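Have a look at the structure below before the remarks.
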Amino acid sequence: MLNPIVRKFQYGQHTVTLETGMMARQATAAVMVSMDDTAVFVTVVGQKKTKPGQDFFPLTVNYQERTYAAGKIPGGFFRREGRPSEGETLIARLIDRPVRPLFPEGFINEVQVIATVVSVNPQVNPDIVAMIGASAALSLSGLPFNGPIGSARVGYINDQYVLNPTQDELKESKLDLVVAGTEAAVLMVESEAELLSEDQMLGAVVFGHEQQQIVIENIKDLVKEAGKPRWDWQPEAVNEALNARVAALAEARLSDAYRITDKQERYAQIDVIKSETIATLVAEDESLDANELSEILHAIEKNAVRSRVLAGEPRIDGREKDMIRGLDVRTGVLPRTHGSALFTRGETQALVTATLGTARDAQNIDELMGDRTDSFLFHYNFPPYSVGETGMVGSPKRREIGHGRLAKRGVLAVMPEADKFPYTVRVVSEITESNGSSSMASVCGASLALMDAGVPIKAAVAGIAMGLVKEGDNFVVLSDILGDEDHLGDMDFKVAGSREGISALQMDIKIEGITKEIMQVALNQAKGARLHILGVMEQAINAPRGDISQFAPRIHTIKISPDKIKDVIGKGGSVIRALTEETGTTIEIEDDGTVKIAATDGEKAKFAIRRIEEITAEIEVGRIYNGKVTRIVDFGAFVAIGGGKEGLVHISQIADKRVEKVTDYLQMGQEVPVKVLEVDRQGRVRLSIKEATEQTQPAAAPEAPAAEQGE
């Protein structure tokens, strides 16, 4: 019999329901979590046995959105969901980052978490629901998971923090921050902001962590009622004698190797030391496992770096704790791109370009929460050569998607509004060298490239990555961390912003016990580093260029009456297609009558504007137009007078004498002056060549009526 166990609780303005025991009973654990009609089904499966030769923790987190959740059928030929979207990939990373550090070191059994969105309320984002579900399922599973964790979204509206704001509230919010943590400590922060202060950002983190305690309490209560027995897993006993033997052979040599400042040279020396140590020990005892020896050597490396930092000694590359690596900033490095920059910080380098396009180039995104259009695109590429390796080159991986989104968040707050700068902007960051914080180098490079492209960004932005080494109550915050310091440290803390405030904050913490005080020190130290980098960047370019690149399309905007849109588009788009071909421009029309003409040539744009004005101009009775004969009939001729408008010249209005045959006076395609006599209620236009000719020949004007009377 199905026997569901349910917990309900109020979480801010939402009601959260946790339900287990009803579905997926063959999985290690399964939970259905709902928050006001947004429901996510999360399963966990853990393998009891490890794979032979396994030396890492194979945790996989999959997040998948089903279109039926929003009452939709998927697009595409197959009409079913395909590979994960960028949004799904980012949420999978959001779930993974806070749960991964809560598994004990040495646990290498395969674990898979699958979160499936099965119902969605357009006002409630499924990401927080999925994170709560993953925490609950892992806690119920009996796996050696040191959770549960809670998660919360924090907004900032009217100078007040808002817990789990709705999608509509987020549009008014100056902050979109997601925080996750255990009962005692914050583990992860992901955010974008409209240039808020360090204190405001820290306040949001603390607020979110305090509010999510109710989630942790309810998951604990659910585990008491429905949790599976804890796995009887113990880490392998430490071989103290072997550890001492490895340390005797390698500790001093590894410590010296970490004084080599050049990354490639240092890595080469470390590889030699490790290989020689393992070879020596295996020669002494063939039963020793090379993987086990590698793990011991890694622990010695980690301890060597950390102990030196805590002792106040210089870092791996000789810097003090708050020093920034040498900077080299260049703009306009690529001649035919719309904007470009090369940003180098030590051994990290990014070649960043900015490209301007029209609204037609914007990305249309079909999401579960609703369709939207994105006119600011940010793509981050991390080729293997950037770290001196070979590897596969192809579609972006999870890490590249995540880093690209973080860099985009760093720049988004300073981008101009669409009505002031109606371009689609694409920024691409090519990481050409990497030794720590390439995503923050991308933020700096993007700011420079956008200014070089003439994009009127509100301020320059820069990013910096901070690190932490902590033992007991002793801690040191490091500015501008290297790759090794990231890998061997306890925290990766990335901050982007302008001189005014923070635009993006990302934090991943590998240990418990990160206090508000430590975060405050890190934020203040990051501010000093950010201002230093901005100072160097401003020496290269301190304001957007006065004009966009000569190779970029120039967008000219005019306004027409919405009633005239159909005239410019024409039947089946015939008029606008002809206009595009005739003028060599790109023309886009919005529902409110805004017309955007994009052209790399100013004369072509002026021509297109003139043609549109002709098409949309109201026909004035009594005005003389230059027309072209389009059709000849027995009773007269039809003449086009521009703007797709046509009128009839009756046979009696062709000349000031009797006309027997229209073709005696007019030919197809002939250009003639015509005067508008009348526009009737149905929009039909009566024209006269006779009266137009009389008005354009003043000398003959008095005689023509007299001659006509004489006849």
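Think of each number as a place in line: the chain as shown, counted from 1.
Using N, Cα and C of the backbone, Cβ positions are placed for all residues, glycine too.
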Can you check which of 74-95, 382-403, 580-601, 690-711 Swiss-Prot lists as region 'Disordered'?
690-711
Among all chains shown, work out which of the binding-site residues Asp486, Asp492 has the most CB atoms within 10 A of its CB.
Asp492
Based on DSSP, tally up the residues of the domain 'KH' (553-612) by helix, strand and coil.
32 helix, 16 strand, 12 coil
Secondary structure tally of the domain 'S1 motif' (622-690) (DSSP, helix then strand then coil)
8 helix, 33 strand, 28 coil
